[in-house]
Amino acid sequence: MPLAVSARFEEGTKQILHGVNGRLRPKHLIAIMGPSGAGKSTLLDVLSGYRTTGVGGAIFINGRGRIMKKFKKMSCYIQQDDRLQGLLTVGENMTIAADLKLPTKMDKYEKGEVIEDILTNLGLYEHINTRGAQLSGGQRKRLSIALELINNPLVMFLDEPTTGLDSSSCTQVVQLCRSLAHQGRTIVCTIHQPSASLFAFFDQVYVLAAGNCLYQGTTRNLVPYVNEAGLPCPIYHNPADYIIELACGEYGEDKISVLRTKAENGKSLQWFDDHETIPTMEILRKRYPLSVMREQDSNTGEEETPQSNQRSVLIRRGFLKAKRDSTMTHLRLIVNVVVGLMLGTLFINAGNEGSRVLDNYNLLFAILMHHMMSPMMLTILTFPSEMSILLKEHFNRWYSLGSYYISITVVDLPISIISCAIFSVIVYLMSSQPLDIARFAMFFAISLYTVLVAQSFGLMIGAIFNVVNGTFLGPTLSVPMMMFAGFGVTLRDLPPYLAWGSYISYLRYGLEGYIGAIYGLDRPTLDCNQAKYCHYRYPRTFLKEIAMSPNMFWWDILALTVTLFVLRTAAFLLLKWKLRAVR
């Protein structure tokens, strides 16, 4: 499957690739080389289809213009950083990938044979029960390749596959890529400065300098090429090192121009083996007529499996990760227990005592703050790390964004309910709130809604900002919510030009809902055992003081429901925008 390339790339006002051309031959391991800033990763992004904005030119496959939808079905892109699920074992990672990428009609034994064959060939079978986070750099890189090999792509792109690896691991990874290429795949990878022995493993090399092509052809023809250009490679000098030195301008900037002209910026094919036999575009189009393309286009789905299967597999993966996640699950439950005990101890017996109504009011606001800050900040801190995995898996067509979003919502819901229920029971009983099942149900409903809304708010921020910016923005944007909640300044005392703020603050509805649960439903007069005079022993006096109606509970539930729906939808749309924006 030959790929012909003619591309230019602009980012802002700077042109990165300057009309480069090239031919990537089938069953070859191809290295894109060049100094830092030459445009290697940019070219790979363009070739793989990962980069779509600001790209001009054309890419042809088998003599015909590339159709991205078809091309993504036959290719994969493995980026420089190994984006793996660290909490899952090698076997579990492979099983999940197989369930998402292989036809659903295949049973688990057939899929198991595919997995076993890939892991054996890649030398990972003995690590099948090792978690991804415990693998070495070379093993992680091989696992990244193994995950994409499951549906047997014809074209593979790897960005700097040897970065961060020792010489032995580098050799293993490149040998593996060479073996895979000679089995019938076209494998293209960027590489910075390989050793002489590593360089020899590549079938073809494409050299870039400042966005221009200096050479394309076989690795063994590189030395004759520079010799013919009047720039002979010194004896016992690594050809890869020498061409990089030339590309850096160490022997003069004029040498770059000489090589660019000789290579015709990538148009020259004479340095390939048997370059006379390389088919032209016309021959390729005759060899692959449109009728063949019609047969290949019979499957129109974006992903390999139906959305129902995607959701099922992702939910299974989500619960498996949640069970092992010490931050999102274990620490979250522990924090709810500890904070519940602390607040319960601090405000012990405040719920039924007439002289401590203000204390109880403070407790309700403190509970609201806990339910707002904990899930919001946890999501802001943890979601950006998931984002990188989502970018890779979604681009390589593992699943749709909708399936992923539904799965993370479904997986987190039971954890939120359990942690919120544990906290609510501890605080409610220790602070001696009224022992009425209806009141507790109202209290719990408001607590759960506040947690889910705060989590959605955190998801919106985590989807578009990194950890540093998100950690700053989360609490900053929460301050107005607290201002308009009606706690420090009552809703009655808000200036008319700021009154609108109370209608968009979900904390206002949360606090009002708590008040309705604890002091609504015509609650009788409170006991006054700890003081001679209790000004707020009559709940209606207290409600009049804070300017809140006890009969607004269902309106508060409705407002929180609408807020939850709006924020969840906004988070999804922002996530969708982010996936497109990075490309």
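We count from 1, first residue shown onward.
Cβ atoms here come from the backbone N, Cα and C positions, even for glycine.
Quantities reported herein were computed from a predicted structural model and do not represent experimental measurements.
Positions annotated as domain 'ABC transporter' by TrEMBL: 1-235.
What TrEMBL records for 333-351 (among others) is transmembrane segment.
Residues or ranges marked as transmembrane segment by TrEMBL: 363-383 (among others).
Only residues 6 or more beyond the boundaries of the transmembrane segment (404-429), in the same chain, are considered here, and those with a CB under 8 A from a CB of the stretch are 310-311, 314-315, 317-319, 322, 328-329, 332-333, 336-337, 339-341, 343-344, 363, 367, 370-371, 375, 390, 394, 440, 443-444, 447-448, 451-452, 455, 568, 572, 575. Here TrEMBL flags 404-429 (among others) as transmembrane segment.
As annotated by TrEMBL, transmembrane segment applies to 441-465 (among others).
For 472-491 (among others), the entry in TrEMBL reads transmembrane segment.
Within its own chain, the transmembrane segment (552-575) is flanked in space by residues 401-402, 405, 409, 442, 445-446, 449-450, 452-453, 456-457, 459-460, 463-464, 506, 509-510, 512-513, 516-517, 520, which lie at least six positions past its ends and keep a Cβ under 8 Å from the stretch. Annotated transmembrane segment per TrEMBL: 552-575 (among others), in sequence order.
Averaged across the domain 'ABC transporter' (1-235), pLDDT in this predicted model comes to 84.
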